[in-house]
2 protein chains.
Amino acid sequence: MTKQYDVVILGGGVAGGSLAHSLRRQHKTVAVVEDNLFGGTCPNRGCDPKKILMSGLEVTQVVSDMQGNGITGSVSVNWPDLMRHKRQYTNPISDATRNGLISDGVDTYHEHAHFNSDGLLDAGNQILAGKQYVIATGQRPAILAIPGSQFFKTSTDFLNLDNLPKDVTFVGGGYIGFELAGIARAAGATVHLVHHNNRPLKQFDQQLVYEEIKRLSKLGVDFHLNTDVEKITQVGEQFVLSGEKFRLPTDMVFCTAGRIPNVDTLGLENVGVKVDQHGVIVDDHLKTSNPNIFAMGDVVSTKRPKLTPVAGFEAGYLASYFNGATDPIQFKAIPTIVFGQPSLGQVGLPSSVATDDSRYMLITNDMTKWYSYHRLNEPLAKAKVVIDRDAETVVGATVLSNHADYLINILTMMIDQQMKIGDFNQQILAYPTVASDVQYLI
Amino acid sequence: MTKQYDVVILGGGVAGGSLAHSLRRQHKTVAVVEDNLFGGTCPNRGCDPKKILMSGLEVTQVVSDMQGNGITGSVSVNWPDLMRHKRQYTNPISDATRNGLISDGVDTYHEHAHFNSDGLLDAGNQILAGKQYVIATGQRPAILAIPGSQFFKTSTDFLNLDNLPKDVTFVGGGYIGFELAGIARAAGATVHLVHHNNRPLKQFDQQLVYEEIKRLSKLGVDFHLNTDVEKITQVGEQFVLSGEKFRLPTDMVFCTAGRIPNVDTLGLENVGVKVDQHGVIVDDHLKTSNPNIFAMGDVVSTKRPKLTPVAGFEAGYLASYFNGATDPIQFKAIPTIVFGQPSLGQVGLPSSVATDDSRYMLITNDMTKWYSYHRLNEPLAKAKVVIDRDAETVVGATVLSNHADYLINILTMMIDQQMKIGDFNQQILAYPTVASDVQYLI
C-alpha cells in the first residue's frame, strides 16, 4: 500500500522534526520516518545529555577553584546519580517528540526507510510516496577499522553508562573526545586521550588548543599525541590498545574519531542522489542531484560545522523554500564550542587571517587576572579577537574560559549585525558581567 | 597658590577617572581631587567587591542544587578566606588607579575639595582653578534618622567585615539589601531584611520580586515587610531594633535604605550650582546651573539607575562634549541586575506597559523546566519579555534566574540594535546555551 504525502522526511531529529512542524503550518501533508529515537542525536545522545553530564565537571571545578578562597569542603561526582539526572531529561524525549509530531498532524513511522527501485520509499510494510523528499538522517560515530574494533564503545554508550569504569580511553581528539574526557576525569576516572597527530581540535586556534591541553593535563587527563592505535585486544577484563612503541591497558575504550553520515542504507543509488564521504551532496538550495530530493542537517556534505543550530537553520531555510522562497541559503556566523572547564569557543574568521591579510588586526588578551575571572579564581581565560580595520567591526574570535560561550555569543551577534566597535561601546551592558568586559577585548 | 587647569574633576571614581584619561588624550591639563579611595565606590566598596563575596553564594548554591543529582559532598563559606580573596582584588585598586592617572599626566589631589567664595576650588593647601569643573563625587549610604542611628553599619562596612556575625539585619529592601542578605545567608548567618512597605525593589516587576522573596525566604532570609524601625538600642553585645509591634534583637544592623549624593560639603552655594535631594541638577548636556560646571555619575539628580556603566557612559559623553561635540546626551537601554541566586534583571520598558498600551505584547515564560535550568537543577527561572507588535522588536524584559545577566545582556543588545525578532532568529548562536534559548522567549 502506498501513502501519498507532499513531503516525506527521512529522519526525525532536530532538522526533520522542525521542518515537519513548519510544513504543517503551511498545511502540507508530511511524513517523518525515523529508525532510532525521535528527536535524533542532539537531545538523546548528543549536545543535551553531554552538557547535563558536564554539570559534574562544572560544579566540582568551581568548588576546587574556590577552595581556600572562601569555600571550605569538597564535593565529588556520583556517576549513577548524575546519569539518573540525565535520564530524567532524556528518557521522555523520543516519545514526547513523536507525540508532538502526531498531534500536529504529521504521520510518523518508526522504521528504517530506503528508496526502492521504483524511486519510492520503503518504510517497513508501507510504501511512502512524496512529491518531495528530504534526507535528514544525520550521522553516527565513526569506528576505526582496526583489529579489535568490536571492542570500541561510542559517545552514545558513554552518555548512557550505568557505571563509569576506573580507567577509560578516548581514541580521537576532536571536540567529542575532549568533552567526554573532561566529564570522565571530573567524575574520578583515570582518562587517556589518544590522537593520531599533534593537532587535535585542528579547526580551532592551535595556541589556545595547546593551553586547553595543558590545562586538561594538569587536571589529570593523560594525552597521547602522535599515536596511532593499531589494534585492540582483550586481556582479562581489560582492553589493551597497542601500536608502534605504544601499549595502553584500559577498562573501556571509546572511539571518538569523528562521525560519518547515515547514507549507506538509504537506497540513494535508486534515486540518483550523489554522496561523498562527508554526506549527501547538495546545491545552495539544499537540493541533491535528484531535483525532488533535498538534504539538510548533519547528513549533508559540507565544510560547515555540523551542529544543532545549523541543522535548525537549514530546516528553516527549507520550510521557506517549500513555501515559495527562492533565494539560496546564506549562513550567518557559526559559533562552535568545545564545552569544558575551560570551554573553547570560536566564531567567524580564524586568528590566522590577521597574519595573512593586513586588512585584519588580531587582538590577543590574557584575561586570567581580569575581574570576571579573578572573582571565581578561574585558572585560565584568554581571548583572541580579529578586527576588520577599515570597517571597525569584529569578524572573528576565539575564547578560552569557563564562560567562553557567553563571550562568543555576544561576539557572534556583533559579527552578524556588523556592529561598529564604537556603536557596541555606546551600549550599556549589565555590570560586572562577562559581557561588560567585551569593551576591553576590542 | 593657585594652579590652573583646563578641567578640574571633583571625584576620582569610575566617571572621574575615565574622563580624566580621555581628556589627557585631548592634551588637556586635568586635575582629579578625591578625598577617599581613588577608583571610587564601584571597585572599592561597590559592585566589584560585592560580586566577589557573592561567589560564596554562587558556589554553595550550585552545589546544593546538584546534591543528589550527581554531586556528593557539601561546602560552606569561609568568611575570612572569602574576605581575603576580596581584598586581594580591592586593596591595590586605589593606588593603582591613582598611579594610572599620574602616569597619564593627570595631577591628583587626595583632599576634600570645596568651592570657595571666589568660585575657585579649595583642595587642602592648594587652590585649583579650572576653565571647567566636573562634579563626580558620587553617593554615600543614607542613614535613617532614628534614635540609635549611630549603631547602623553600612554596605561599605559589610563589604569589609573581618568576621561575619551570627545574626545580621538589613534595614531597607533595595538592591543592596537584597544582595547583601543573599551573601550573608549563604555565609551561614541568620539574616533579617526589614522594609518599610510591601514593595521592596519597587522599580522591578513585582511578580518576579515576589518570586525572589519567596526563594530567599526558603533559603532562610527572614523578611519583615511593612515594618518601620523606629529606634535602635544597644543591649549587651546586641542591638535591638524596635517599632510598632516589632522587636528584633540582632548582632549587627546595616542601613541599606538607599544612597544620598555627596553634595553637601562642596560649597556649591558659592558657585550657584543647584541641587535637589537626588543630587546635582543638570541639563541634557550634563551642564549644571553654572555654565562652567558639569556633573556626571551617581551625584547627578536623575531618574536613571545610578550604575557604573551609566557613569562611564556619561564620562564618555563629556569627553566628546569637551572635544567639541554638541549633541545632547542620549541613553541606550540601561539594564539593571539584582545579583543573587537567582539574579533579577530588568531592561527597557517594564512589563506593565503591555497592560496599558495595546501596541505592546507581554510574553511570560516559566523557564524552570527548560533544559538550561534543568541541567543544573536550578529551582527557579522565569522571564517576561515586552514586544512591540508592529516593529516586531523586543522593547523590554525582566528575567529571574541564576543566569539573568546573560539573558538580559543579549536582550539589551536586541533592544539597542532594534533587531527584528525574525532577524535575531536568523542568527546561529552556540548551543546549548542560555543565549540559544532566547528564540523560545520571544
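Glycine is treated like the rest: Cβ placed from N, Cα and C.
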Checklist entry - Out of A:Gly100, A:Gly258, A:Gly267, A:Gly272, which is the one TrEMBL records at the NAD(+) site of A:Gly172, A:Gly173, A:Gly174, A:Tyr175, A:Ile176, A:Gly177, A:Phe178, A:Glu179? => result A:Gly258
Next on the checklist: From the disulfide entries in TrEMBL, identify which of A:Cys42, A:Cys255 pairs with A:Cys47.
Outcome noted: A:Cys42
Checklist outcome for this item: CB contacts under 8 angstroms to A:Gly258 (NAD(+) binding site), restricted to the same chain and 6+ apart in sequence, sorted by sequence, are A:Pro141, A:Ala142, A:Gly172, A:Gly174
Item to check | recorded positions (A:Cys47, A:Lys51, A:Ile176, A:Phe178, A:Gly258) in Cβ proximity to chain B, threshold under 8 Å | outcome: A:Cys47, A:Lys51
Next on the checklist: I want to check the contact list for A:Ile176 (NAD(+) binding site): same chain, sequence separation of six or more, C-beta distance under 8 angstroms. What comes out?
Outcome noted: A:Ser155, A:Thr256, A:Arg259
Item to check | Length of the line joining the Cα atoms of A:Asp298 (FAD binding site) and A:Cys42 (disulfide bond), in Å | outcome: 11
Checklist outcome for this item: Spacing of the two Cα atoms, A:Cys42 (disulfide bond) and A:Lys51 (FAD binding site), in whole angstrom, works out to 11
Next on the checklist: Through the lens of DSSP with three states only, how would you label A:Gly172 (NAD(+) binding site)?
Outcome noted: coil
Item to check | CB contacts for A:Cys42 (disulfide bond) [other CB atoms within 10 A, all chains] | outcome: 25
Checklist entry - Roughly how many angstrom lie between the C-alpha atoms of A:Phe178 (NAD(+) binding site) and A:Lys51 (FAD binding site)? => result 13
Item to check | DSSP-assigned states of the domain 'Pyridine nucleotide-disulphide oxidoreductase dimerisation' (A:334-439) in counts, ordered helix, strand, coil | outcome: 31 helix, 33 strand, 42 coil
Checklist entry - Which residues, same chain and not among A:Gly172, A:Gly173, A:Gly174, A:Tyr175, A:Ile176, A:Gly177, A:Phe178, A:Glu179, A:Gly258, have a CB within 8 angstroms of the centroid of the CB atoms at the recorded NAD(+) site? => result A:Phe170, A:Leu180, A:Pro200, A:Leu201, A:Thr256, A:Ala257
